[in-house]
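Enquirer: Got a structure for you, written out below as C-alpha coordinates; questions coming shortly.
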Ligand code: SF4
(Lines of atoms letter the chains of each structure in order from A; the text may use other names.)
(Lines give C-alpha, C1' and ligand atoms only; values in the text may rest on other atoms or scores of the structure.)
Protein backbone atom coordinates (compact mmCIF):
# COMPACT_ATOMS: atom_id res chain seq x y z
CA UNK A 1 0.00 0.00 0.00
CA UNK A 2 1.35 3.44 -0.93
CA UNK A 3 2.17 5.95 1.78
CA UNK A 4 -0.65 8.20 0.54
CA UNK A 5 -3.37 5.56 0.69
CA UNK A 6 -2.15 4.40 4.11
CA UNK A 7 -2.48 7.97 5.30
CA UNK A 8 -5.99 8.22 3.85
CA UNK A 9 -6.98 4.96 5.50
CA UNK A 10 -5.77 6.23 8.88
CA UNK A 11 -7.65 9.49 8.44
CA UNK A 12 -10.83 7.63 7.54
CA UNK A 13 -10.47 5.45 10.63
CA UNK A 14 -9.97 8.53 12.79
CA UNK A 15 -13.01 10.22 11.26
CA UNK A 16 -15.10 7.11 11.91
CA UNK A 17 -13.86 6.89 15.51
CA UNK A 18 -14.77 10.52 16.14
CA UNK A 19 -18.22 10.09 14.58
CA UNK A 20 -18.86 7.07 16.79
CA UNK A 21 -17.65 8.80 19.95
CA UNK A 22 -19.79 11.87 19.25
CA UNK A 23 -22.78 9.72 18.26
CA UNK A 24 -22.45 7.73 21.51
CA UNK A 25 -22.33 10.87 23.64
CA UNK A 26 -25.35 12.32 21.83
CA UNK A 27 -27.31 9.11 22.43
CA UNK A 28 -26.18 8.54 26.02
CA UNK A 29 -27.20 12.02 27.10
CA UNK A 30 -30.06 12.59 24.67
CA UNK A 31 -28.29 15.70 23.46
CA UNK A 32 -30.14 16.24 20.18
CA UNK A 33 -33.86 15.92 19.55
CA UNK A 34 -36.15 16.31 16.56
CA UNK A 35 -36.48 19.95 15.51
CA UNK A 36 -33.54 21.24 17.56
CA UNK A 37 -31.79 24.35 16.38
CA UNK A 38 -28.24 24.03 17.65
CA UNK A 39 -25.93 26.94 18.05
CA UNK A 40 -22.38 25.65 17.59
CA UNK A 41 -19.91 27.96 19.31
CA UNK A 42 -16.94 28.39 17.03
CA UNK A 43 -13.85 30.01 18.50
CA UNK A 44 -11.46 29.21 15.68
CA UNK A 45 -9.65 26.57 17.76
CA UNK A 46 -9.24 22.92 16.68
CA UNK A 47 -11.93 21.62 19.04
CA UNK A 48 -14.75 23.84 17.82
CA UNK A 49 -13.86 23.28 14.15
CA UNK A 50 -13.95 19.52 14.73
CA UNK A 51 -17.23 19.80 16.63
CA UNK A 52 -18.93 21.62 13.77
CA UNK A 53 -17.46 19.25 11.20
CA UNK A 54 -18.57 16.07 12.97
CA UNK A 55 -22.03 17.45 13.77
CA UNK A 56 -22.50 18.25 10.08
CA UNK A 57 -21.56 14.69 9.15
CA UNK A 58 -24.00 13.27 11.70
CA UNK A 59 -26.71 15.69 10.58
CA UNK A 60 -26.54 14.20 7.09
CA UNK A 61 -27.33 10.69 8.34
CA UNK A 62 -29.21 11.25 11.62
CA UNK A 63 -32.71 9.78 12.03
CA UNK A 64 -33.86 13.13 13.47
CA UNK A 65 -33.96 16.52 11.76
CA UNK A 66 -32.02 19.29 13.37
CA UNK A 67 -30.49 22.61 12.31
CA UNK A 68 -26.98 23.89 12.93
CA UNK A 69 -25.87 27.48 13.09
CA UNK A 70 -22.25 28.39 13.77
CA UNK A 71 -21.68 31.41 15.97
CA UNK A 72 -18.39 33.17 16.58
CA UNK A 73 -17.90 35.91 19.08
CA UNK A 74 -15.36 38.44 17.86
CA UNK A 75 -14.11 39.76 21.20
CA UNK A 76 -12.04 42.47 19.53
CA UNK A 77 -8.70 41.10 20.54
CA UNK A 78 -5.88 42.89 18.76
CA UNK A 79 -4.81 40.98 15.69
CA UNK A 80 -7.95 38.81 15.45
CA UNK A 81 -8.15 37.79 11.77
CA UNK A 82 -11.79 38.69 11.12
CA UNK A 83 -11.91 37.24 7.61
CA UNK A 84 -10.87 33.66 8.50
CA UNK A 85 -14.09 32.27 9.95
CA UNK A 86 -16.55 33.87 7.49
CA UNK A 87 -14.43 32.60 4.58
CA UNK A 88 -14.28 29.09 6.00
CA UNK A 89 -17.99 28.95 6.87
CA UNK A 90 -19.01 30.22 3.46
CA UNK A 91 -16.76 27.67 1.78
CA UNK A 92 -18.55 24.82 3.56
CA UNK A 93 -22.01 26.39 3.27
CA UNK A 94 -22.98 26.48 6.95
CA UNK A 95 -25.36 29.19 8.22
CA UNK A 96 -23.44 31.41 10.62
CA UNK A 97 -23.39 34.59 12.63
CA UNK A 98 -20.39 36.61 13.76
CA UNK A 99 -21.16 38.61 16.87
CA UNK A 100 -18.94 41.60 17.60
CA UNK A 101 -18.63 42.56 21.25
CA UNK A 102 -15.56 44.21 22.74
CA UNK A 103 -15.16 42.08 25.85
CA UNK A 104 -11.38 42.42 25.45
CA UNK A 105 -11.40 46.07 26.60
CA UNK A 106 -13.68 45.24 29.52
CA UNK A 107 -11.35 42.49 30.71
CA UNK A 108 -8.26 44.69 30.28
CA UNK A 109 -9.93 47.48 32.25
CA UNK A 110 -11.12 45.33 35.12
CA UNK A 111 -8.28 42.82 35.62
CA UNK A 112 -4.91 43.91 36.96
CA UNK A 113 -1.96 43.65 34.57
CA UNK A 114 -0.26 40.22 34.72
CA UNK A 115 -3.26 38.43 36.29
CA UNK A 116 -5.12 35.64 34.48
CA UNK A 117 -8.03 37.13 32.59
CA UNK A 118 -9.64 33.90 31.39
CA UNK A 119 -12.31 33.49 34.03
CA UNK A 120 -13.85 36.97 33.54
CA UNK A 121 -13.40 36.68 29.78
CA UNK A 122 -15.23 33.34 29.63
CA UNK A 123 -17.97 34.62 31.86
CA UNK A 124 -18.56 37.63 29.60
CA UNK A 125 -18.39 35.42 26.52
CA UNK A 126 -20.92 33.02 28.01
CA UNK A 127 -23.32 35.89 28.73
CA UNK A 128 -23.11 37.15 25.14
CA UNK A 129 -23.50 33.65 23.67
CA UNK A 130 -26.58 32.92 25.79
CA UNK A 131 -28.13 36.20 24.64
CA UNK A 132 -27.40 35.38 21.00
CA UNK A 133 -28.81 31.86 21.37
CA UNK A 134 -32.05 33.40 22.55
CA UNK A 135 -32.13 35.95 19.73
CA UNK A 136 -31.55 33.19 17.18
CA UNK A 137 -34.20 30.95 18.72
CA UNK A 138 -31.70 28.15 19.35
CA UNK A 139 -32.83 25.26 21.53
CA UNK A 140 -29.32 23.97 22.32
CA UNK A 141 -25.84 25.46 22.61
CA UNK A 142 -22.99 23.11 21.62
CA UNK A 143 -19.53 23.64 23.09
CA UNK A 144 -16.28 22.02 21.99
CA UNK A 145 -14.98 20.73 25.34
CA UNK A 146 -13.53 17.23 25.10
CA UNK A 147 -12.76 14.32 27.42
CA UNK A 148 -9.44 15.75 28.57
CA UNK A 149 -10.99 19.14 29.41
CA UNK A 150 -13.54 17.30 31.52
CA UNK A 151 -10.89 15.32 33.41
CA UNK A 152 -8.73 18.40 33.94
CA UNK A 153 -11.74 20.17 35.46
CA UNK A 154 -12.36 17.21 37.74
CA UNK A 155 -8.81 17.44 39.10
CA UNK A 156 -8.87 21.25 39.32
CA UNK A 157 -11.99 21.03 41.45
CA UNK A 158 -10.53 18.29 43.64
CA UNK A 159 -7.13 19.95 44.10
CA UNK A 160 -8.23 23.54 44.52
CA UNK A 161 -12.00 23.56 45.05
CA UNK A 162 -12.57 20.66 47.45
CA UNK A 163 -15.30 19.28 45.21
CA UNK A 164 -15.79 16.10 43.25
CA UNK A 165 -17.14 17.92 40.24
CA UNK A 166 -16.20 18.02 36.57
CA UNK A 167 -17.81 19.48 33.46
CA UNK A 168 -21.09 17.80 32.51
CA UNK A 169 -21.76 16.65 28.94
CA UNK A 170 -25.20 18.25 29.20
CA UNK A 171 -26.52 20.93 31.53
CA UNK A 172 -29.10 23.63 31.99
CA UNK A 173 -27.63 27.14 31.98
CA UNK A 174 -27.67 29.15 35.22
CA UNK A 175 -30.57 31.30 34.01
CA UNK A 176 -32.50 28.11 33.22
CA UNK A 177 -33.10 29.18 29.62
CA UNK A 178 -30.68 27.02 27.67
CA UNK A 179 -29.53 23.46 27.35
CA UNK A 180 -25.77 23.35 26.86
CA UNK A 181 -24.31 20.23 25.28
CA UNK A 182 -20.74 18.94 24.91
CA UNK A 183 -20.88 16.37 22.11
CA UNK A 184 -17.07 15.86 22.25
CA UNK A 185 -17.30 14.59 25.84
CA UNK A 186 -15.98 11.14 24.83
CA UNK A 187 -13.31 12.40 22.43
CA UNK A 188 -9.59 12.45 23.27
CA UNK A 189 -7.74 15.70 22.68
CA UNK A 190 -5.01 13.81 20.81
CA UNK A 191 -7.58 12.65 18.24
CA UNK A 192 -8.83 16.21 17.80
CA UNK A 193 -5.28 17.42 17.16
CA UNK A 194 -4.78 14.78 14.48
CA UNK A 195 -8.21 15.46 12.98
CA UNK A 196 -7.59 19.23 12.77
CA UNK A 197 -4.31 18.52 11.04
CA UNK A 198 -5.84 16.11 8.57
CA UNK A 199 -8.66 18.53 7.74
CA UNK A 200 -6.35 21.56 7.68
CA UNK A 201 -8.77 23.74 9.60
CA UNK A 202 -7.73 27.42 9.47
CA UNK A 203 -6.88 27.61 13.18
CA UNK A 204 -6.89 30.99 14.88
CA UNK A 205 -4.39 31.05 17.76
CA UNK A 206 -6.02 31.41 21.16
CA UNK A 207 -3.34 33.58 22.76
CA UNK A 208 -4.04 36.74 20.79
CA UNK A 209 -5.36 38.35 23.96
CA UNK A 210 -1.92 38.03 25.55
CA UNK A 211 -3.44 36.50 28.69
CA UNK A 212 -1.30 34.45 31.04
CA UNK A 213 -2.38 30.84 30.68
CA UNK A 214 -4.20 29.32 33.63
CA UNK A 215 -1.17 27.77 35.30
CA UNK A 216 -3.13 25.41 37.53
CA UNK A 217 -4.94 23.93 34.53
CA UNK A 218 -1.67 23.69 32.63
CA UNK A 219 0.00 21.79 35.48
CA UNK A 220 -2.91 19.35 35.66
CA UNK A 221 -2.87 18.90 31.90
CA UNK A 222 0.83 17.98 32.05
CA UNK A 223 0.22 15.61 34.97
CA UNK A 224 -2.49 13.79 33.01
CA UNK A 225 -0.35 13.64 29.87
CA UNK A 226 2.50 12.19 31.91
CA UNK A 227 0.17 9.55 33.43
CA UNK A 228 -1.15 8.73 29.99
CA UNK A 229 2.41 7.99 28.79
CA UNK A 230 3.50 6.04 31.85
CA UNK A 231 0.28 4.20 32.68
CA UNK A 232 -1.67 3.44 29.50
CA UNK A 233 -5.37 3.05 30.23
CA UNK A 234 -5.37 5.23 33.34
CA UNK A 235 -7.11 8.17 31.65
CA UNK A 236 -9.78 5.86 30.21
CA UNK A 237 -10.28 4.29 33.64
CA UNK A 238 -10.65 7.69 35.29
CA UNK A 239 -13.23 8.78 32.75
CA UNK A 240 -15.15 5.53 33.28
CA UNK A 241 -15.04 6.26 37.01
CA UNK A 242 -17.00 9.45 36.38
CA UNK A 243 -19.71 7.32 34.80
CA UNK A 244 -19.70 4.79 37.65
CA UNK A 245 -20.20 6.78 40.80
CA UNK A 246 -21.01 4.87 43.99
CA UNK A 247 -22.48 7.39 46.46
CA UNK A 248 -22.66 4.81 49.28
CA UNK A 249 -18.87 4.46 49.11
CA UNK A 250 -18.00 8.11 49.20
CA UNK A 251 -18.58 10.42 52.14
CA UNK A 252 -21.21 12.95 51.05
CA UNK A 253 -24.06 12.83 53.52
CA UNK A 254 -26.34 14.71 51.11
CA UNK A 255 -25.78 12.21 48.35
CA UNK A 256 -26.25 9.15 50.50
CA UNK A 257 -28.28 8.76 53.66
CA UNK A 258 -25.61 7.27 55.94
CA UNK A 259 -27.53 8.38 59.04
CA UNK A 260 -30.45 6.03 58.34
CA UNK A 261 -28.37 2.94 57.50
CA UNK A 262 -29.90 -0.15 59.10
CA UNK A 263 -28.63 -3.65 59.66
CA UNK A 264 -29.96 -6.01 57.01
CA UNK A 265 -30.54 -3.19 54.54
CA UNK A 266 -29.91 -4.16 50.92
CA UNK A 267 -27.42 -1.81 49.30
CA UNK A 268 -27.39 -1.25 45.58
CA UNK A 269 -23.61 -1.50 45.33
CA UNK A 270 -22.93 -3.88 48.21
CA UNK A 271 -21.57 -2.97 51.62
CA UNK A 272 -17.98 -3.90 52.40
CA UNK A 273 -18.18 -6.48 49.57
CA UNK A 274 -17.77 -3.60 47.17
CA UNK A 275 -14.14 -3.33 48.24
CA UNK A 276 -13.35 -6.99 47.70
CA UNK A 277 -15.00 -7.78 44.44
CA UNK A 278 -12.81 -5.73 42.15
CA UNK A 279 -10.42 -7.38 39.81
CA UNK A 280 -7.37 -5.41 40.77
CA UNK A 281 -4.60 -5.11 38.21
CA UNK A 282 -1.29 -5.49 40.02
CA UNK A 283 2.01 -4.56 38.49
CA UNK A 284 5.35 -5.73 39.71
CA UNK A 285 6.85 -2.71 41.26
CA UNK A 286 9.80 -2.02 39.02
CA UNK A 287 7.90 0.93 37.61
CA UNK A 288 8.06 -0.48 34.08
CA UNK A 289 4.89 -0.62 32.09
CA UNK A 290 5.01 -4.10 30.68
CA UNK A 291 1.67 -5.71 30.00
CA UNK A 292 3.19 -9.14 30.34
CA UNK A 293 3.94 -8.34 34.00
CA UNK A 294 0.33 -7.56 34.77
CA UNK A 295 -1.51 -10.12 36.84
CA UNK A 296 -5.11 -9.97 37.85
CA UNK A 297 -6.15 -11.02 41.30
CA UNK A 298 -9.76 -12.07 41.82
CA UNK A 299 -10.68 -11.65 45.47
CA UNK A 300 -12.63 -14.58 46.96
CA UNK A 301 -16.28 -13.92 47.80
CA UNK A 302 -17.32 -14.05 51.51
CA UNK A 303 -18.92 -17.47 50.88
CA UNK A 304 -15.61 -18.78 49.57
CA UNK A 305 -13.80 -17.28 52.55
CA UNK A 306 -16.19 -19.11 54.95
CA UNK A 307 -15.51 -22.36 53.06
CA UNK A 308 -11.77 -21.76 53.15
CA UNK A 309 -11.91 -21.10 56.89
CA UNK A 310 -14.17 -24.10 57.48
CA UNK A 311 -11.73 -26.42 55.67
CA UNK A 312 -8.66 -24.97 57.30
CA UNK A 313 -6.59 -27.74 58.93
CA UNK A 314 -6.75 -27.48 62.71
CA UNK A 315 -3.74 -26.62 64.85
S1 LIG B 1 -7.05 33.07 26.52
FE2 LIG B 1 -7.74 35.20 26.24
S3 LIG B 1 -9.52 35.03 24.91
FE4 LIG B 1 -9.14 32.99 25.73
S5 LIG B 1 -10.43 32.88 27.57
FE6 LIG B 1 -8.41 33.58 28.22
S7 LIG B 1 -8.58 35.79 28.24
FE8 LIG B 1 -10.25 35.04 26.99
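Even glycines carry a Cβ here, placed using N, Cα and C.
Nobody curates TrEMBL annotations by hand; they come from automatic prediction.
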Enquirer: Quick one: sort out which of 43-48, 49-54, 55-60, 61-66 is the motif 'PP-loop motif' according to TrEMBL.
Expert: 43-48
Enquirer: For the motif 'PP-loop motif' (43-48), what are the same-chain contacts with Cβ under 8 Å, counting residues 6+ beyond its ends?
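Expert: Counting only partners 6 or more residues beyond its ends, the motif 'PP-loop motif' (43-48) has Cβ contacts under 8 Å with 72-73, 84-85, 143-146, 184, 189, 192-193, 195-196, 201-204, 206.
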Enquirer: Under a three-state reading of DSSP, tell me whether residue 209 ([4Fe-4S] cluster binding site) is helix, strand or coil.
Expert: coil
Enquirer: With an 8 Å cut-off on Cβ distance to the 118, 121, 209 Cβ center, who else from the chain surrounds the [4Fe-4S] cluster site?
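Expert: After dropping the recorded site residues, what remains is 107, 116, 117, 120, 122, 211.
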Enquirer: Could you tally the C-beta atoms, other than its own, that fall within 10 angstroms of the C-beta of residue 209 ([4Fe-4S] cluster binding site)?
Expert: 18
